[in-house]
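Annotated transmembrane segment per TrEMBL: B:32-54, B:229-258, B:278-300, B:306-328, B:349-371, B:425-444, in sequence order. What TrEMBL records for B:233-439 is domain 'ABC transmembrane type-1'.
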Amino acid sequence: MNTSTEPKTSPMVSVGAGESRTSKATDTVKMSAQNVKVFYGASQAINGIDLDVYENEVLAFIGPSGCGKSTFLRCLNRMNDTIDICRVEGKITLDDKDIYAPDRDVVLLRAQVGIVFQKPNPFPKSIYENIAYGPRLHGLAKRKAELDDIVESSLRRAGLWDEVKDRLDQPGTGLSGGQQQRLCIARTVAVSPDVILMDEPCSALDPIATAKVEQLIDELSESYTIVMVTHNMQQAARVADRTAFFHMGDLVEVDSTDEIFTNPQDQRTHDYITGRFG
Amino acid sequence: MSITIEQRRQHRLTTIENSLARRHRQEKRFRFAGLAAVVIGLTLVTILFISILMRGVPAFWQSTLYPEIYFDPEVIQLDEKPERASGESQAAFDERYTQWLIQAGMVNWQSLIDRAMEEALGVEVEPRQLRDLRALVASDERFSLRDQFVENPSLLGQTVEVKMLAAADVDVWIKGNIDRSLPDSRQQLSAQTREWADRLYDENVIRNSFSTSLFLNTDSRSSPASAGLAGAFMGSLFMMLIVIVLSVPIGVASAIYLEEFAPKNRLTDLVEININNLAAVPSIVFGLLGASIFIGYLGLPLSAPLVGGLVLTLMTLPTIIIATRASLRSIPPSIRQAALGIGASRVQTVFHHVLPLALPGILTGSILGVAQALGETAPLLLIGMNAFVSNVPATPLDQSAALPVQIYLWQGNELRNFFEARTSAAIIVLLGLMLSLNALAIWLRKKFETRW
C-alpha cells in the first residue's frame, strides 16, 4: 500500500460536466451567511461559517457524513427551528434582510426559501392536492382555474406533467420514488420561491430517476437559486456552478466546481475528492 | 498445520447445525406458548359469554298473565274524564283534572284483577285465600290498570284481555329457577298459589312473553317483577354524553398542545409524568375526589348523572390524552417537515396534515376510554349513584342510577332466584352497549384510515 504523501494525485472525479451546462448565475448576492454557528444542546455542529449564495446559481455542499452540511442548509430557511435543542448564532440574510430577525415571519421566509428533502415525502393526498396545498395556503390562486394553472405549470416544470396528467386525483404516494421526488420539487416550485434548498434530493433514487432530477435542477436554475447537499461528488460536478466543501463543522473551501475538483486549495478537500476519506 | 481449512469448514458447519436444532426448538416452544396463551384467553372469554348468555337471555322473557279484565262500572264509579271547556283557564282545568285523577286513584282496581283471576281459574276465592291469589300478579299491576283506564276511559263496561306481569316468584317457579321438590316451608309461594300458577300456565293464561318492562321500567322494590333498566340506561346515557362532550375535546386539545407545541422543559416533563400517573390512579379515588369537590365544595346534587359524568371525565382524560399523544407521535416527522417546508404554520401543519392522519387512532383511543368509563362502578358508589331511584332522569341534574351500579345492586338483591337472571340480562345490555361502542371505534378507524 502506498502511504507516501504524494502531493497531488489526479482527482478521481472526471470534470467536464461543468462544460455541458451553462451557468445562469449572476453577481447579485441572494443569501449571505456571516459567522453562523449552530449548537445542538451543548455540542457545536457548525463552527462559524461565512458564505454567499449568488442569484440563479447552483451551489452544492459536499463533505463527509456528519460534517454539518445538512444542518447548515436547514438554517437557510429556519427548518432547524423545529428542533428544540438546536440554537443558531450569527447572521443569515436573504436579499440583505436578516432571516433570524425577531420580526421576521417564518411562514413568509419558507415561502421564499423552499426545501426538498432527502426522502420523498408527498402528502398522503392526491397528486393535485399535493401541488395545490402551498398556493392555496398562501392564497396565491383566487379561482379554481388559476389553481389548475399553477398545478399544471408546476408539474410541467418538474417534468412530471406528461406522466401524471391523467391521474391527478390519484394518491401522490402511489408514484415511484423518482416521480415522488419530482412531485415534491413541483410542490416546492408551486409556491414560487426565490431559493430552493435540496437536501440530498437523489440519495433515495435510482440512477435513471437521479438523471431526471439532475436535469430538472439544471432547468430550474434559470429561474431559481438552488442550494443542494449531495453525497455524490459526480453529481456536484455535473450540476453545480460552485461547490462548497464542509468538514467537521467548518466550511473548508468554496469555489467554482471546476476549481474545487481540479485545483483544491486545501489538503482536506484534496483528500476527500480523491477518496482518501469520506 | 494440524487443522486443515476443510476441517475448519466442517467444524463450523456442524456447530451451526447443532445450534440450529436448538434455535428451532426455541422457536417452536415460544410459538406454542403464544398459541396456548391465546387459546386459554379465548376459552375463558367464551366461558364467560356463554355463562352470562345462558343465565341472562331467559330473563328477557318473563312470565306474563293475559287475564280478561272486566272494567266493571259498579267498581269504577268515576265522573266523566274532564275535557277542557272553552274559556276555562288552564289552572282551573288542571284543578279539575287532578281531582279526577285522585278519584281514579281511589278506585279498587285490585278487585278487578282479583275477579279476572278468579274467572281465569274458574274458582270462587274465599277471603283468606285472597293472599294466595294476589301472589300471582306483580303487585304494581293495579297501577298500570289504572293508567290504562285513565288513558282510555271508553274501556268502561268492556271486557278486555290485559297483559300483566306475573309476580317475580311465579316467574321463578314457572321457569324452574327454584327446586320444585323443596318442602312448603322453604318455598316462596304457597302450595295453592303454585298449583294455580301451573294451571294458568297449562291453560296458556300465563305465557313467557318478551319482557318490555326490562327496558321501559325503572328499578322497583315493591314489585320486583317489573324492575327494569330504563332509569339506569338513561343515567348512563347522560353520563356518556357528558364524558364525550367534556373529555374528548379537552383531552385531544391538551394532547395536541403537549405533543406539538409545548416546549420540552421541566414543567412539561412534570405534566407528562403526572398524566401517566393519573392514568394509573384507582378509579375509586376519582370518586372520592368527585364527592369532596363536586358535591362537598361545589354543592352539586347527590346521585346526579352530571356529577357522575364529571367524575368519569376526570378518570377518562388521562387515557384519552395518552392515546392521542401516541397517535400523534406515530405520524412520521417527514409529513410535518413537508408542510412546514412550503410555509405552513405549525397550527396549519397540525390541523391540515397531522391531525387527519392521527384521527383514527385518536377516535379509537377516545371511544375505548369512554367505553371504559361506561362500565365503571366504583367511583359512582361514592357520589351516591347506588341510591334506589325509581324515576327515569329527565335532566342530568335529576337523581339517577347507572347501568353498572344497577348490576351491582341487583346482584345483591335478596330475591336471588329472580334477580340472578335479571343481573345477567343487565350485563348483556351493558355488554351490548360496549360492543356497539367498540364496533363504532373499529368502523371509524377503517373509515378515516389513510393508506400511505
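Cβ atoms are placed via backbone N, Cα and C, with glycine included.
Recorded stretches compared: B:32-54, B:278-300, B:306-328, B:425-444; the one with the most Cβ pairs under 8 Å to the transmembrane segment (B:349-371) is B:306-328.
The highest tally of CB pairs under 8 A with the transmembrane segment (B:229-258), across B:278-300, B:306-328, B:425-444, is held by B:306-328.
Sequence-remote contacts of a segment are chain residues at least 6 beyond its ends whose Cβ falls under 8 Å from one of its Cβ atoms, and for the transmembrane segment (B:32-54) they are 424, 427-428, 431.
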